[in-house]
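Chemist: My structure is below; once you've seen it, I'll send some questions.
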Amino acid sequence: MHMMDGLAQHLSAELEQIKADGLFKSETVIGSAQMGTVTVAGRDMVNLCANNYLGLADDPQVVEASIAALEKYGSGMASVRFICGTHELHKQLETTVARYLEKDDAILFGSCFDANGGIFETLLGPDDAVISDTLNHASIIDGVRLSKARRYRFHTSDMDDLELQLKAAEDDGARFKLIVTDGVFSMDGYIAKLPEICDLAQRYKAVVMIDECHATGHLGEKGKGTPHLTGAGNRVDIISGTFGKTLGGAMGGFIAGPQPVIDILRQRARPYLFSNALPPSVAAGAIKAIEIAEKADDRRALLASHTARFRAALAEAGFDLVPGETPIIPVMLYDAVKAQGMAKALQDRGVLVSAFSFPVVPKGKARIRTQMSAGLTDENIDFAIDAFIGAGKDLGVI
Ligand SMILES: *Cc1c(COP(=O)(O)O)cnc(C)c1O
């Protein structure tokens with residue numbers, strides 16, 4: 001028997017088990033632009049699972065800016081940044097992000113996954129401590145694993161536990177301490193308690209870093225994110241984020257922060273040094289998206305109104321929702337197979353949703369995570385509410 005036969009058999013058995021557990025992720029193939037309604041196998045569906053909070057993914061101005069750069073500058077740089085991959089549009093996007101988020105400077109990455117993957121090992125050594133929220137995104141968890149810093153975890157948004165962990169790090173003689181949290185937790189929609197976190201950071205002389213992937217562009221004044229929303233403001237030191245969600249939906253990540261942080265990342269962050277630069281067309285689209293987002297109070301108001309409406313209607317119908325104020329509205333089913341069944345029933349009714357189960361959320365916490373978008377109309381929201389009530393009754397969920 002070839003070695004591959006053994007491995008292939010093992011993997012097939014694993015896949016069967018994933019299916020039996022209701023954890024198999026199948027991909028929905030979309031044939032249209034990413035917008036309020038999408039086409040799946042020729043059929044229009046209301047889309048409640050994109051991170052397209054302001055509806056900029058198909059915005060004509062964003063598309064036009066990208067096309068203009070594509071025509072002028074070609075498909076890409078064919079180089080990492082430090083060799084010959086740095087384009088004027090990269091510098092312009094970095095300046096734009098830094099200004100928008102009120103930081104000294106910013107650095108681009110191929111994704112926020114890469115940004116979070118590269119920052120911890122660059123900034124911290126074995127004498128240092130990272131204190132990380134247990135619900136943080138996988139990219140933070142992996143980035144922390146790659147660093148040699150000592151690791152401390154605090155129960156999500158539990159300030160007493162955070163303080164215990166800060167004390168533990170101090171007792172262990174940490175040289176530098178860095179607290180890291182998602183600004184908005186993607187699976188629950190919770191907002192981090194930034195003012196309290198910053199108070200503790202001040203008391204224990206820790207640096208504060210937040211991941212703003214589910215906040216930048218749509219939350220807070222001018223969409224500047226959770227530091228503005230919570231009043232923590234500039235007490236947050238370092239911000240990571242993405243251009244793959246609210247800010248145009250294409251791709252790319254960034255870190256914004258104090259000058260020496262950005263400068264050392266350019267020298268040492270491995271995903272920056274060893275991976276191709278963003279295409280100039282993507283940078284041009286992101287610059288336009290930020291320009292629009294900054295002024296988009298109308299879109300943010302529509303997003304808030306959809307959120308309030310959808311949340312109220314589902315709660316009234318008897319669904320079990322995770323409480324919160326962001327456009328992330330998780331509908332709890334707890335059981336993975338049930339969540340998959342509900343997602344399928346909703347798709348049959350023309351609403352595209354996704355069921356989330358382990359390992360994306362803890363075991364026994366399966367859910368359908370719905371996300372509102374300014375790209376949705378009031379009619380789309382009503383259609384989705386009707387579908388939820390119909391499917392929920394059919395399956396005995398409500
Ligand atoms: C989406 C997301 C990321 C990854 O961003 P990409 O740019 O898609 O790699 C990182 N952190 C959080 C909290 C996210 O939601």
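The backbone N, Cα and C atoms fix where each Cβ goes, glycine too.
Residues or ranges marked as domain 'Aminotransferase class I/classII large' in TrEMBL: 44-388. Feature annotation from TrEMBL assigns pyridoxal 5'-phosphate binding site to C112, F113, S186, T242, F243, G244, K245, S275, N276. Taken from TrEMBL, the feature substrate binding site applies to H137, R369. Here TrEMBL flags K245 as N6-(pyridoxal phosphate)lysine.
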Chemist: Residues with Cβ closer than 8 Å to the Cβ of K245 (pyridoxal 5'-phosphate binding site), same chain and 6+ apart in sequence?
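Modeler: Once residues fewer than 6 apart are set aside, K245 (pyridoxal 5'-phosphate binding site) is near N51, N52, Y53, C213, H214, T216, G217.
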Chemist: Identify, among the binding-site residues S186, N276, the residue whose Cβ has the fewest other Cβ atoms within 10 Å in this structure.
Modeler: N276
Chemist: Give, as a single whole number between 0 and 100, the mean pLDDT over the domain 'Aminotransferase class I/classII large' (44-388).
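Modeler: That stretch averages a pLDDT of 97.
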Chemist: I'd like to confirm something. Which of the binding-site residues, C112, S186, F243, has a Cα closest to the Cα of H137 (substrate binding site)?
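Modeler: Among C112, S186, F243, S186.
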Chemist: Work out the three-state DSSP category of N276 (pyridoxal 5'-phosphate binding site).
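Modeler: Reduced to three states, the DSSP call for N276 (pyridoxal 5'-phosphate binding site) is coil.
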Chemist: Measuring CB to CB from F243 (pyridoxal 5'-phosphate binding site), give everything in the same chain under 8 Å that is also at least six residues away in sequence.
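Modeler: Result: G249, A250, M251, G252, G253, F254, V282, G285, A286, A289.
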Chemist: Tell me, how many other CB atoms lie within 10 A of the CB of R369 (substrate binding site), whichever protein chain they belong to?
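Modeler: Excluding its own Cβ, R369 (substrate binding site) sees 23 Cβ atoms within 10 Å.
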Chemist: Under 6 Å from ligand 1 by C-beta, which of these binding-site residues make it: H137, N276, R369? Sequence order, please.
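Modeler: H137, in sequence order.
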Chemist: Can you tell me how many other Cβ atoms are located within 10 Å of the Cβ belonging to C112 (pyridoxal 5'-phosphate binding site)?
Modeler: 26
Chemist: Give me the CA-CA distance between C112 (pyridoxal 5'-phosphate binding site) and R369 (substrate binding site), in Å, as a whole number.
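Modeler: Their Cα atoms are separated by 21 Å.
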Chemist: Looking only at Cβ atoms, how many others are within 10 Å of the one on H137 (substrate binding site)?
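Modeler: If we count other Cβ atoms within 10 Å of H137 (substrate binding site), we arrive at 22.
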Chemist: At the Cα level, what's the spacing in Å between S186 (pyridoxal 5'-phosphate binding site) and R369 (substrate binding site), rounded?
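Modeler: Spelling it out, the Cα of S186 (pyridoxal 5'-phosphate binding site) and the Cα of R369 (substrate binding site) are 9 Å apart.
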Chemist: If H, G and I count as helix, E and B as strand, and all else as coil, what does DSSP give for C112 (pyridoxal 5'-phosphate binding site)?
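Modeler: Reduced to three states, the DSSP call for C112 (pyridoxal 5'-phosphate binding site) is helix.
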